[in-house]
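Here TrEMBL flags 32-465 as domain 'Major facilitator superfamily (MFS) profile'. According to TrEMBL, the transmembrane segment annotation covers 28-57, 69-91, 103-120, 126-147, 159-181, 187-209, 310-333, 345-365, 371-388, 443-461.
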Amino acid sequence: MTIESLPGSSGYLDLFPERRMSYFSNPYVVGLTVIAGIGGLLFGYDTGVISGALLYIKDDFEAVNQSSFLQETIVSMALVGAMIGAASGGWINDAYGRKKATLLADVMFAAGSVVMAAAPDPYVLIIGRLLVGLGVGIASVTAPVYIAEASPSEVRGGLVSTNVLMITGGQFLSYLVNLAFTEVPGTWRWMLGAAGVPAVIQFCLVLFMPESPRWLFMKSDKAKAISILAKIYDIDRLEDEIQHLSAASEDERLKKGHVRYLDLFKSKEIRLAFLAGAGLQAFQQFTGINTVMYYSPTIVQMAGFNSNQLALLLSLIVAAMNAIGTVVGIYLIDHFGRKKLALSSLAGVIASLLVLAGAFFAHSSGSATSVYGWIAVVGLVLYISFFAPGMGPVPWTVNSEIYPEEYRGLCGGMSATVNWISNLIVAQTFLSIADAMGTGGTFLILACVGVAAVIFVILFVPETKGLTFVEVEQIWKERAWGSGHNTESLLEQGSGSH
């Protein structure tokens, strides 16, 4: 999710295609990726499951049925937890390691699942959602970092991208589980409690996993790091990798004390880069993606399909399109380019939102025919088909490429926090705005945001496909100071200002 295109890696593999295959077929590498990726699966499951469970929670608790605010709080409390988890997750990873951070996330997932399944009232349920959210936040930081650090650099992009796939796969699984439990007594309790199972499985498996070799190097436990690297690399690469890690960890140790939050805003080029990265993350949410994922069964019911089961089945199709679209995006992002992919994705998203708005306007004007309900469902499926390959992966990929090395962690973390905050704002306000303005009006607002996103991408986001980090850095210098500006490195500039 965070490192989808490392400059130089694709060219290396064009020379040695058999090496890519040998790494992908290395059971140790694949095993580490899959086990760490369960964090992504839980992330997707816990954000997706609430959409179906909410239909039955409303049947059980009259207070929830009467209050859009309570419904929004049940959904968005997990996002509050995720913001706290993501903000503290970077520090937990640095201080205690990727392995302990993953174990902590699993404990949060399992505890939250038990609290939700046993909740006697909506307020205990909200506490359970907060706990699960903390797990989601920590996992959203830890899983991609662990996979990236335990992957051979040649296949790192493909392996890290599996985490995005696990998230969308987890959302799909949550809809399947929702459908399976529709006829079982205590429906929503089983739906929410089921997340505890993969969390316990991952906890047990992670106990036998090694720590990230990069983290061990940073903590000067070189012997253990080398024993892990020996299982990942063949002998001719092992020595190169050890030298590279030694140099990188030494660099990071020297730079650690040099970069402060204030430095981001002192440098014009870093401000421009952060504007592009954080803006993409905000527009990813404000064009409504998680509204569609969280509330798709509710939207389907608004469209006139009153059966809970039918609403869940149609939502399952939406979730499947999301997972398939992500696979397409992983392929297209390096072939088509980030900017073109984002713009074509947004064009389709705007058209789909207009179809949805039109369907709901026609439906609310008193037309009893079910044809508008089906048009709304078609709009929903089109929306996901356009969103998932483009605006799904592009913000995460661009954020992994546009910052200089010494600012990458700081800016990437702040940008991810912008994503969660935007996600929270949308989830907490969607139903209330829909009550006030009608669902059609709400989708019209999202379409207008989509138009603003297109203008933003054209003006502020450069194309980074195939560029080295140095070339990307040069783009920001030219944008900040003009094309004739011959500048020294940002670090030298920064040290001059201290």
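A Cβ is built for glycine as well, from the same backbone N, Cα and C atoms used for every other residue.
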Find the average pLDDT over the domain 'Major facilitator superfamily (MFS) profile' (32-465) in the predicted model and report it.
82
Contact set, same chain, for the transmembrane segment (187-209): CB under 8 Å, 6 or more residues outside the stretch:
32, 35-36, 38-39, 41-42, 45-46, 49-50, 52-54, 56-57, 60, 99, 102-103, 106-107, 109-110, 112-114, 116-119, 128, 132, 135, 174, 177-178, 181
Where else in the chain does the transmembrane segment (310-333) make close Cβ contacts, counting only residues six or more beyond its ends and a cut-off under 8 Å?
4-5, 48, 51-52, 55, 158, 161, 164-165, 168-169, 171-172, 174-176, 178-179, 182, 292-293, 296-298, 300-301, 341, 377, 380-381, 384-385, 387-390, 392-394, 397, 465
State the non-local partners of the transmembrane segment (28-57) in its own chain: residues 6+ outside its ends, Cβ under 8 Å from one of its Cβ atoms.
1, 64, 71, 74-75, 78, 102, 105-106, 109, 112, 122, 125, 129, 132-133, 135-136, 139-140, 142-144, 146-147, 150-152, 155, 159, 162-175, 177-179, 187-188, 191-192, 194-195, 198-199, 201-202, 205-206, 209-210, 231-232, 290, 293-298, 301, 308, 311-312, 315, 319
Under a Cβ pair cut-off of under 8 Å, which of the recorded stretches 69-91, 103-120, 345-365, 371-388 contacts the transmembrane segment (126-147) most often?
69-91
In the same chain, which residue numbers or ranges, 6 or more beyond the ends of the transmembrane segment (371-388), come under 8 angstroms Cβ to Cβ?
168, 287-289, 292, 296, 299-300, 302-305, 314, 317-318, 321-326, 328-329, 344-345, 347-349, 351-353, 355-356, 358-360, 362-363
